[in-house]
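Participant: Below: one structure in C-alpha cells.
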Ligand SMILES: Nc1nc2c(ncn2[C@@H]2O[C@H](COP(=O)(O)OP(=O)(O)OP(=O)(O)O)[C@@H](O)[C@H]2O)c(=O)[nH]1
C-alpha cells in the first residue's frame, strides 16, 4: 500500500541529503516531490495544497538540528504533518447514554458496507457487547442473505423483513426490536448504489431522520482515490456523517483516500478494513498510517495482529519444543495456518520495514510455496509429521507423499531437508542463548522454508537422496559433516 507515495518521498528527501540547511531554494524540489506524490496518490487537490503549504512553513521555520541531516528533519516534518492531517487515533464508536446505541452504515455499493457492519458487530461482541444487525438493503437480492450468513458466522442476530418492505420501516422496526431485546448496539446496513444518486441519498436521509443514529459511518473503499473526496463531501453535506471506515487497505491501493476523507469531512476515520474476513478490522492509527506512507513499516500493527492470533501458552510450548528439537511438521503446519489467519502474505510483508518493496511476483511465489508446503504436509501420515526423521531416512515415504500431494519427489526432499536444517538452526540458536522471539515463533524460520523467498539448497546430508536436485560436492560435505542429523 502507498508504495508510490513512499517512493516519491524517498526521492524528495534524497534531494535534501548532503545539504546543511533547509532553505527556500533547496526545499522546493522536495516540496514538489511531495506535491506530485500526493496528487499521484489521488489526494484531493485542495488537501494537497494545504498539506504542502503547512510542510513548507514548518520546514522553513525549523531550526537545523546539529548532527541531523536536513533530509531526515524534512521527513520528520512531513511525517508529523501527515499524522496531523489524518486526525485522531483510535476514535471509539459513539455510545448512547441509554442503549441501544444506533449505528448507521452508509456508502456506495461494493465498498464493503455489509462486511464492515459484520466486522463492527464482531468487534463489539469481542468487547462483550450485544448487537443486532438490521438488513435494509432490499434492492440487491443477495444483500439480506449476505448479512444473515455473516450473522450466523459471528453469532450475531439479524433483523430483516424481506425484500418487499420499505427500508425506512425496516430500520425503524429494527431499532424497536433492538430495544425489545435489550441489546447494546444496533447496526443498520443500508443499500448502496454504484454512484451517488438522489433516491439513495433521500432514502438514507429518511432512515437517518427516523432512527436518529448516534454514529453515522461512511464506508469508503480505499481504492476510490480522488473520488473519495467528492464522495465524502456529498455524504457529509446531504446526510451528515460522524466518522468513516476505510476498507480494502490490504489491497494495492493509493494513499489518497486516507488523507482526503478526514480533511474534507472533518470527521475521524474510526476503523480500517484490512481483508475480506470478518476479523479483518482494525482501529485507525494515523501515526502508523503515516509511517506506512513513509515506508517505515508498520511493525506495531504486525505485532498486534500476531498477538491477536497467538495463544501465549502455545508460544511457550512451541519454544520449548524448538529448544529440545521436538519441533515437528504438526507444529509447522500450525504455524502456517496461523500465518494464513493473520491475512495475506503480501499484506503481512508490507508491514515489515524493508519488505514493502517486494514485488507482486515475489509475494505470489511465497504464497505458492506456502500452499505447496501445506499440500505436502497434508499428505504425510500422523507418524511422519510427528517424526520428520522418518522421512529423511525413507525415499519410498517421500515418493508416496509426492504422489499424494501432486508434487515431485525432489520437492518433498527439499521440504524435509530445509525443515531439518531449520530445526537444527533453531536448536543451535536456543543453545547459544539467542533471545526468543515473543509472539513470532519461527516466522524467520518459515521464511527460510520458502524456496522462492530466500530458499535454501538442501544441506549436505540430503544430497544422496534419490530425486535430490543438487549434485554432491564432496569437499563441502566433509567440512560440514555433522550438521544434518541424518
Ligand atoms: N480485500 C478486502 N475486501 C473487502 C474488504 N471489505 C469488504 N471486502 C470485499 O468487498 C466486496 C464487497 O463487500 P460488501 O460488504 O458486499 O459491500 P457493500 O458495500 O455492502 O455492497 P452493497 O451491499 O452492494 O452496497 C466483498 O467481496 C467483500 O468481501 C476489505 O477490507 N478488504
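Heads up, the Cβ atoms here are built off N, Cα and C, so glycines get one too.
Reproduced below are the annotations present in TrEMBL:
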BINDING   107-114, 189-193, 247-250  GTP binding site
COMPBIAS  471-486  compositional bias 'Basic residues'
DOMAIN    268-281  domain 'SRP54-type proteins GTP-binding'
REGION    449-486  region 'Disordered'
Participant: What does DSSP say about residue 249 (GTP binding site): helix, strand or coil?
Facilitator: coil
Participant: List the residues of the same chain that sit at least 6 positions away from residue 113 (GTP binding site) in sequence and have their Cβ under 8 Å from its Cβ, in sequence order, or write 'none'.
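Facilitator: Counting only residues 6 or more apart in sequence, the Cβ neighbours of residue 113 (GTP binding site) under 8 Å are 105, 106, 107, 189, 190, 192, 219.
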Participant: Just going by other Cβ atoms within 10 Å, which of the binding-site residues 107, 110 has the emptiest spot?
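Facilitator: Output over binding-site residues 107, 110: least Cβ neighbours within 10 Å is 110.
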Participant: If you draw a 10 Å sphere on the Cβ of residue 249 (GTP binding site), how many other Cβ atoms land inside?
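Facilitator: Other Cβ atoms within 10 Å of residue 249 (GTP binding site): 24.
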Participant: Sequence gap of 6 or more, Cβ distance under 8 Å: name the residues on the same chain that satisfy this around residue 193 (GTP binding site), in order along the sequence.
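Facilitator: When sequence neighbours closer than 6 are ignored, residue 193 (GTP binding site) has 108, 109, 199, 200 within Cβ distance under 8 Å.
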Participant: Validating a neighbour-count step here. Other CB atoms within 10 A of the CB of residue 190 (GTP binding site): how many?
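Facilitator: Excluding its own Cβ, residue 190 (GTP binding site) sees 25 Cβ atoms within 10 Å.
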